[in-house]
Amino acid sequence: MKFIPILSVISLALLAGCGSDSNKPVQLSSDVAPGTTQNVILMIGDGMGVTQISAAMQARRQALELERFETVGLIKTSSATEQITDSAAGATAFSAGIKTYNGAIAVDKHNRSTETILELLGNKGYATGLVATSTITHATPASFYAHEDSRENYYQIATHMKKAPLDLFIGGGRSHFENRTDPNRGKVDDRNLIDEMTASGFTFVDSLSALGKAKGKVGYFIADGHAESVAKGRGDILSRSVPTSIRHLRSRTEHGFFLMIEGSQIDWGGHENNHEYVISELYDFDEAIGKALDFAIADGNTLVIVTADHETGGLTLAADPDENGETSYTEAGHQFSTRGHTSAMVPVFAYGPGSERFAGVYENTDVHKKILQAMGIE
């Protein structure tokens, strides 16, 4: 019996979504050795499983930017306490390299703060940045700079940013930093964190063009709360943020940079069991992936990793009955099995020096370890 390597099967499954040949896989130059990674772009599609990617491929009927990757793997997503993770524990696995309980923001099972990759690299002289289409205090971005026992502590999470070695952020959540009033509990306190951060060296801007001209540490709030969805007019702010963020981080130091970019609302479409929401957000995230890949290919010293914290919605692409009640294979229907998360493994894609480390099947915590190994930091 002839056995086909599992990654070949995975790759074929991911590429089978009615795509074209327009996006050919990128080739890693043979003279780029493992361990020479200078820059890292970690891209997290919240709630993005293989079926979400497949649905987007089939709806567009042309290749996604994701199909340019050659290195593909699968990661296990359970948390320390639950078979099904939430975004906080999932992001903490990436940021701190540990399994923790659902809801934890970069603390371990005993609520002890654990150094994140952003803190580690920032303190070593790397420039660091975060971009999200949620609030910047939401579970995924928060897990890279804050340490809290609950992801719901948004106003307390915001206080951590001033102390973090963070050079740039783009996201929603301005209301967690000034005029701090919880809709359920009323006024939180009289602190204005924007004023405090400005006094400590941050500059706040109101557009990407202004960010492109800013010096030093910079923040751009794209909304008071969460950003709008693509369908409701958010536009292409996520993909446009990628080159602007990269240019700013490179201007900060020649040492290298770490940039985390989250496509936050793929997850929310899954929670709503709305496949159109999922697909539109995945397209938006995919455009950002293309910008990151274009830079990495030109640069030669940048590792791009695209993955997810978990799958949301239990999405299947299944045959539906036709008008006669017969099973039809003409087109796949979009069916959800839950409004929550699932325990399914999720894909990881990698390009750049050290990308070969990301092939295989492994725990979500290994993403953290593999990034540091690729950078020569053990």
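Placement of Cβ uses the backbone N, Cα and C atoms for every residue, glycine included.
Site annotation (TrEMBL, ligand Mg(2+)) includes D46, H138, T140; from E196, E228, E254, E262, the additional listed residue is E262.
Long-range neighbours of T140 (Mg(2+) binding site) (same chain, six or more residues apart, CB within less than 8 Å of its CB): I44, D46, S87, G90, A91, A132, S134, E262, S264, D309.
Here the Cα atom of D267 (Zn(2+) binding site) is found 13 Å from that of H138 (Mg(2+) binding site).
Rounded to a whole number, the C-alpha distance linking H310 (Zn(2+) binding site) with H138 (Mg(2+) binding site) is 16 angstrom. The Cβ of H138 (Mg(2+) binding site) has S87, A132, R151, Y154, G171, G173, H226, S264 as same-chain neighbours under 8 Å, each 6 or more residues away in sequence.
Cβ crowding, taken as the number of other Cβ atoms within 10 Å, peaks at H310 among the binding-site residues H271, H310.
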